[in-house]
Amino acid sequence: MPQPRKRFAQHWLRSETALDQIIEAAQLNMSDLVLEIGPGTGILTRRLLPLVQSIVAVELDRDLCYRLAKSFGNFNHFLLLEGDILSLDLTTQLEQFPQFQPINKVVANIPYNITSPILEKLLGSIAHPQHPSYELIVLLMQKEVAQRIVASPQSKAYGALSVRTQYLAQCDYICEVPSKAFDPPPKVDSAVIRLTPRSLETPAINPQKLDQLVKLGFANRRKMLHNNLKSIIDKDHLTLLLDQLQINPQVRAEELSLEQWIMFSNLLETVS
């Protein structure tokens, strides 16, 4: 087992139970073309290979790339790309490998310190959704972040990340993975979530406007919505809009559901 590197936030998953849960959550079949981010020692890769049509694995650590190539290089349905998933242009990289595209699923144990950028890489943003979208994304991540992603309104964990992610995907909390399932154990527990990208029946008329409202609305959780949005909407106008939606004008951002955020954004767009 290679020595984990702190600068890459490496923690080797060693729980067969967790692997089983990840595999089950991914709903894999032999027609799937999978992207694995940060395969590390290859423990998940080895489980995925017999279950899918192909795997594109992206690994930043050069030493691990050498090990992965040695372990899986003989599999003709395995492609290893060395690089940073955040800056890598997968479309360009895969132009000469048509048999590995289009990727339809993502399965990954992602580093805690780049969770939000990876989510944006995979899903896009409210203002700029990822097109074409993946069919399904299964991620092992920090438990606290996973809880924030799937959180419901009026809960402590509910915030801008919840609204933004749930706008772009159905978010399912699959299971928790204790720190002892890793070597070395991280300081916090992890969780597996499944994201199913989707298009809402009633989307935002102006996604950029909704993105801005959510960002400003959650800027200070202790403040009421009219205080957080005063730079773009005066209090009287906001009160009138909320009244039309039958929402308490003293509301805070975390009290609004995704649907209410969309209705609020759309109403603001139509009357502006």
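Placement of Cβ uses the backbone N, Cα and C atoms for every residue, glycine included.
Per Swiss-Prot, the candidate among Asn104, Asn109, Asn113 that belongs to the S-adenosyl-L-methionine site alongside His11, Leu13, Gly38, Glu59, Asp84 is Asn109.
Taking the Cβ of His11 (S-adenosyl-L-methionine binding site) as centre and 10 Å as the limit, one finds 19 other Cβ atoms among all the protein chains shown. Neighbours of Leu13 (S-adenosyl-L-methionine binding site), defined as other CB atoms within 10 A of its CB across all chains, total 19.
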